[in-house]
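S.K.: Among the features that TrEMBL reports, NADP(+) binding site is placed at Gly169, Arg170, Gly171, Ile237. Marked as domain 'Tetrahydrofolate dehydrogenase/cyclohydrolase catalytic' by TrEMBL: 6-120. If you look up TrEMBL, you'll see 143-290 marked as domain 'Tetrahydrofolate dehydrogenase/cyclohydrolase NAD(P)-binding'.
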Amino acid sequence: MTAAVLDGVATAAAVKDELRVRVDALRGVGATPGLATLLVGDDPASRSYVAGKHRDCDEVGIRSVRVELPATATDADVRAAIRDLDDAREVTGIIVQLPLPAGLDELAMLEAVDPVKDADGLHPVNLGRLVLGVQGVVDAPLPCTPSACLELLVRHGVPIAGAEVCVIGRGLTVGRSIGLLLTRRGIDATVTLTHSRTRDLADHVRRADVVVAAVGSPHLVQPAWVRPGAAVLDVGITRERILADGRARLLGDVHPGVADVAGWLSPVPGGVGPMTRVMLLDNVVRAAERAIA
Ligand SMILES: Nc1nc(=O)c2c([nH]1)NC[C@@H]1CN(c3ccc(C(=O)N[C@@H](CCC(=O)O)C(=O)O)cc3)C=[N+]21
């Protein structure tokens, strides 16, 4: 079997077409959405992600503001920058790019963002609303990578209701919260959350109809672990600096041989990453829509 590609680039382009229409409508009533990114320090991967987010904004007509602080910025410096963005009328969405340099308290900084402008869906209030919103009635921004995974599955017609989902990784941006999303009423997956201390990880993966690999451990998921026909979402991205021109090759958490076993597979690059960026834009547009409602 050769897995069908869960194509994040094509799907992101389709979502962007929809977003452009919504942004035009907002602009028409003088409510153009605006995203602010806050980058602290000069981690090259973070810099390239942030650059991608601004390109995406340009493509759909969202205004964007870039704030950068040196790696030496203090807690007070970062808080002051966030407060300015919380107060800026033209900014409807904010992201604090993670990871922050050592010494800064990431959770405290996520909490400093106005939850109304939280484009990442990582503010405790919004994560709390995700917990409370079992019925799907609470309208709050969703964490971008979990909603990217869901959107990629839905738009490729992968069955989710009643499916066994095995999530590998318990990190803040994916593993911790994706089960809350996939078990909502109307989505109705059964989710197992596994991590580095899980006994017999391969056995859990083997039972899954959908595997979400979000650890950051290159090629962890082996072909022999995967149930034939399963959908595999490769969320991990590790940069391996080996190419002759000094650029980094990107490695996912899924062994390439899984493509011969799985029914669907999201590639790295070109899978969940581009969808994550587009779901961020969706949060920004939604916040602007809520602001005028
Ligand atoms: N506050 C915050 N929010 C985030 O959403 C957030 C974050 N911090 N810190 C880091 C992680 C990682 N993340 C990615 C988003 C897009 C790609 C992406 O577009 N990847 C491309 C490749 C891009 C490349 O060449 O590196 C792809 O997979 O095709 C990757 C990773 C968002 N994160």
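Quick reminder: no glycine exception, Cβ is built from N, Cα and C everywhere.
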S.K.: Other than its own, how many Cβ atoms are within 10 Å of the Cβ belonging to Arg170 (NADP(+) binding site)?
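M.R.: There are 16 such Cβ atoms around Arg170 (NADP(+) binding site).
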S.K.: Restricting to the same chain and to sequence separations of six or more, state which residues have a Cβ under 8 Å from that of Gly169 (NADP(+) binding site).
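M.R.: Set apart from Gly169 (NADP(+) binding site) by at least 6 residues yet with Cβ under 8 Å, we have Gly175, Thr194, His195, Val212, Ala213, Ala214, Val215, Gly216, Val235, Gly236, Asp253.
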S.K.: Taking ligand 1 as the reference, state which of the binding-site residues Gly169, Arg170, Gly171 have a Cβ closer than 6 Å to one of its atoms.
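M.R.: With ligand 1 as the reference and 6 Å as the Cβ limit, the list is empty: none.
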S.K.: Run through the domain 'Tetrahydrofolate dehydrogenase/cyclohydrolase NAD(P)-binding' (143-290) and tell me, per DSSP, how many residues are helix, strand and coil.
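M.R.: For the domain 'Tetrahydrofolate dehydrogenase/cyclohydrolase NAD(P)-binding' (143-290), the helix, strand and coil counts are 53 helix, 28 strand, 67 coil.
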S.K.: Mind giving me a neighbour count for Ile237 (NADP(+) binding site)? Other Cβ atoms within 10 Å of its Cβ, every protein chain shown.
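M.R.: Other Cβ atoms within 10 Å of Ile237 (NADP(+) binding site): 20.
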S.K.: For the domain 'Tetrahydrofolate dehydrogenase/cyclohydrolase NAD(P)-binding' (143-290), what's the mean pLDDT in this predicted model?
M.R.: 96
S.K.: What does the DSSP secondary structure composition of the domain 'Tetrahydrofolate dehydrogenase/cyclohydrolase catalytic' (6-120) look like, as residue counts for helix, strand and coil?
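M.R.: Result for the domain 'Tetrahydrofolate dehydrogenase/cyclohydrolase catalytic' (6-120), in helix, strand, coil order: 61 helix, 19 strand, 35 coil.
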S.K.: Which residues does Gly171 (NADP(+) binding site) neighbour through Cβ under 8 Å, counting only same-chain ones at least six apart?
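M.R.: The list for Gly171 (NADP(+) binding site) reads Ala214, Val215, Gly216, given in order along the sequence.
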